[in-house]
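Trainee: Among the features that TrEMBL reports, domain 'Major facilitator superfamily (MFS) profile' is placed at 1-286. According to TrEMBL, the transmembrane segment annotation covers 32-52, 59-78, 106-129, 141-164, 170-190, 197-216, 228-253, 260-281.
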Amino acid sequence: LPAGLGWALVFTPSLGTVGRYFPARRALATGLVVSGASVSGLALGPLVPLLLDTYGWRGALLLLAAISFNLVAAGALLRPLPVPDESPGPPRDRPGLVRLLRHGPFLRYALAFVLVDAGYYVPFVHGAARAHEVGCDEHRAGLVMAAMAAVDGGGRVAAGWLATRPATSLLRHLFAWAAVTGLVLLLLPLGTSFGGLLALALAYGFCAGAVVPLQFAGVAEVVTAGQLVNAIGLMQMFESFGSLLGAPIAGWLRDTTGTFTISFLTAGAFLLAGSLLILTLPGCCSTSR
């Protein structure tokens, strides 16, 4: 619990700061920042078992905590910047959480990601079990999951770079990537062999990674820069309900039906529903930013 709270207190202001630092290339900057999570995830995969074997669980946790303490130095380098809608003096009538709770477009945006997250994590949680279901051994199941995680970072950077193109609004980019991710998830049950499942896992990992930077950069398209940090934090609080419910629902459907087919189809439907809700946001269908 304390670790989760600590990471939440780091993640939200970090993304809000990036959004303020790079308003013109917010999506690309966010993509580069969040791609670090994919790199660290791949690095910690083999590192944690090595630390456990060498130092035991207590020693391993102490070393991981020491690594995490580097966040203090990184945070000390961040400096607040003025934003266009804020006066340099003491804040007056500053929009807060209460106003965000009355902000219709923001509430639709948050609800969209409650739905998206209800399906988003299902392949990451149940992907190995699906690989076993189609006859893969432990090694091949691990390869499927590693491949999905590896291309995730590439998707984050690629989507951030593509979103800098001025011809299409960022929210439309976000809608497109979320919809494609949902469609790929609907196709995952067709992967009934190692090769087919691996190909679909690679496609899903890339598209799912592409959604992440656009999700956080897109908040600034819905609210003002002065509300950015509050909006990101509140959105993450809402979407955590979808994240917590999605994988258990998929597991229950697997137990009920005896296969992951309905689980993945339901998860894909959640993603598509969330992507369609993004279309209702102001500015999503504009031709330029």
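Yeah, the Cβs are placed from backbone N, Cα and C, and that goes for glycine too.
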Trainee: Taking 32-52, 170-190, 197-216, 228-253, 260-281 as candidates, which has the most Cβ pairs under 8 Å with the transmembrane segment (141-164)?
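Mentor: So the stretch in question is 197-216.
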Trainee: Honestly, do the transmembrane segment (106-129) and the transmembrane segment (228-253) touch, with at least three Cβ pairs under 8 Å and pairs 6 or more apart in sequence?
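Mentor: Yes; at least 3 Cβ pairs under 8 Å.
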Trainee: Hey, would you say the transmembrane segment (170-190) packs against the transmembrane segment (260-281), going by three or more CB pairs under 8 A that are 6+ residues apart?
Mentor: yes
Trainee: Six or more residues beyond either end and a Cβ under 8 Å away: which residues meet both conditions relative to the transmembrane segment (260-281)?
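Mentor: Same-chain contacts beyond the flanks: 105, 108-109, 111-116, 118-120, 122-123, 126, 129-130, 133, 171, 174-175, 178-179, 181-186, 188-189, 221-222, 242, 246, 249-251, 253-254.
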Trainee: Over the domain 'Major facilitator superfamily (MFS) profile' (1-286), what is the model's average pLDDT?
Mentor: 87
